[in-house]
Each structure stands twice: as C-alpha cells, then as structure tokens.
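Noted in Swiss-Prot for the protein shown:
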BINDING   9, 168, 169, 210, 211, 212, 213, 214, 215, 216  ATP binding site
BINDING   49, 136, 148  substrate binding site
DOMAIN    275-355  domain 'PUA'
C-alpha cells in the first residue's frame, strides 16, 4: 500500500450539528471509516477537534461559549465525552484507541518531544489508534499550538507519516472563494507552497472552527517540508477518509519534499527558540546557504545575545541583513566574544548537522498575513 501510516485531522465543522453540538452520527461515520482502514492494515492517528462542542451542553450552556474560561471548562467536560464516543465505536470493531493531549511545549522541549514520539510509536506498533487534541482545558497562550491543523502537521512530521489528510467543509484549495466566485477553480496538485498559494488560501477558508484554509496551507508547509504529503478534501462524503487513502477522493494534493527534514532538523526549523543572533560575512553566508558547510569562527562578524553553549541562535548575512537559518552553538557568548576579540579565532561555531537553512517556504510560516 502507498500510504501505510496516515494522520487524519477532523475539524469542528465536520463533527457538529447546526446548533454547534456534537453530532454522534458524524463521529460514528468517522470511526467506521477508521475501522475499515485499520482492518486493511493502515496505521492511523486521528487529530480531532470537538471537545468544546461535546461539553458545553452538559454544563448548561445554551450555545457554544465565547469566554475563554467557559470554553476551557466545556473542553474539560467534552474531551472525555468525545473520547468515549470514539472509544465505544472503535471497540465494537475490537480496536483500541488512546487519548493524547498535547501543547506546544511538547514540541519545543526536546525531552518531551522525544517522549511523545516514543509513546506514539509504541501505540502505532501495537495496533492502537491515537486520538489527539490540544490540551485546551489548561493550556495558556504561550504554550498553545493554536489550532489542530498545525497540531496535525506537527504530529505527522513527528511520526514520519506517509500522508496527512485534512477533512473539512471545503473540498480543497481554490483560486478564489468558491462560495462567492463562480470562476474559482480547485487546484488538484500543488508542487510548491509560495506566496501566491498563501494569497489564494486567504480567500477560500472555512468559517467554522478556528482553522480556515490559511492555517491548513501553513500547516501543510510543516508537513511537506518534513517529507509528508498533504491532502485537503471534503468531509461531507460518507467515504471521504477511505477515498483519500486510496487517492480517489476529489481534493487538493500537496507534494512532499523528496528529502524531508529529519527529526533534528524539524525541531530546529519549527520549534527551537533562538537565544541570540550572529552576523557573518559573505563567504560564510555562501558556505552555509549554498554549500551545506559548517559555520567557522573566521566567518563571524558580530554576535549579540546572552546565549550559552548548546543554545540555538539565528544567523544573518551581515551584507544583506537576510536571515540565513538557525543552529546550535559550540561556544557561549562570552567565550565567543573573547575569541573574536583576539582576531585568531579558529574552529567551528555551528556544525552543519546542527544547522537548518530557512527556505522561502519555511520563512512563510513566520510571516503574518
């Protein structure tokens, strides 16, 4: 089979009734498709929204709450109810499910990242279906992933999935908003995610949930840069998950990079927090960005920040001011300053295995639109 390990992301609009409450029939349909794929030999992960939708009614709210505390309380109640729906339906087919609640810190902190990866690997190898959501009940803004589109891409990259599928109420990426523009056409295959694609996504988003088309495209960048292809398709068809796995569903397919980022490079590119800045000369800039070389001390022009040995810093081309990438340093700021002052600096500040160049595609992730 072409796609053995698949991550499915199901959004709020694919799980709810018109009044915003959880649709048990929609949950049942999703679990039936998961069961069929599981029985066919696929390894599956489900990133599911819907905790607030499942819980707000049980707390006596007439409609989906808008206050943060009310939403967190609803999620606390609803996460258990939502998992119960999934678990009950899957157990009817003798399939074990597992709940994993994550925050951004589980990706930023290397130890927690490794632990999450190991837990997911064991679950998949033992035939369980992990059901993942952000830990909405306790997470604060500083630790939020922000949306399940991004979370699903981070998970797909972490487990080196063969495919990431976004199930939504829009059957792919269009050149315009298909609800208002009769000339809008769906893009069936996207080779590169660039500014033009980002602009298209801004006009073709879903209005439900927290993740519209723009967040899906930015999430697709994380996945495709990590070697995971992405499929955006409609959740409205009864067999959409099965057809997506078989490549027979209508939608938009995003091609993965042939040489996807390894786990260490993923962490550097998407999660590592920079503790300082380094400016380099033209020769060092070319060595890093064009030739895949390590950063030698002799190419450093200037350093800024109170970083220590092993910290991550951002490197800039002094001449152009352009950000070149991020890497792990072999010397702290004080030691580096002493060596640069002596004008006899020799050795390596950042080895190439501890370096990630910031490509135009990755740069788009950190651009506000």
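Heads up, the Cβ atoms here are built off N, Cα and C, so glycines get one too.
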| note | residue 49 (substrate binding site) to residue 215 (ATP binding site), Cα to Cα, whole Å, comes out at 15
| request: For residue 9 (ATP binding site), write down the residues of its own chain that are at least 6 apart in sequence and whose Cβ falls under 8 Å from its Cβ; none is a fine answer. | output: 46, 47, 48, 148, 149, 151, 152, 164, 165, 166, 167
| For residue 169 (ATP binding site), what is the secondary structure state per DSSP, taken as helix, strand or coil? | coil
| remark: Across the domain 'PUA' (275-355), DSSP labelling yields 24 helix, 29 strand, 28 coil
| request: Please report the number of other Cβ atoms within 10 Å of the Cβ of residue 213 (ATP binding site). | output: 25
| Count of other CB atoms lying within 10 Å of the CB belonging to residue 215 (ATP binding site) | 21
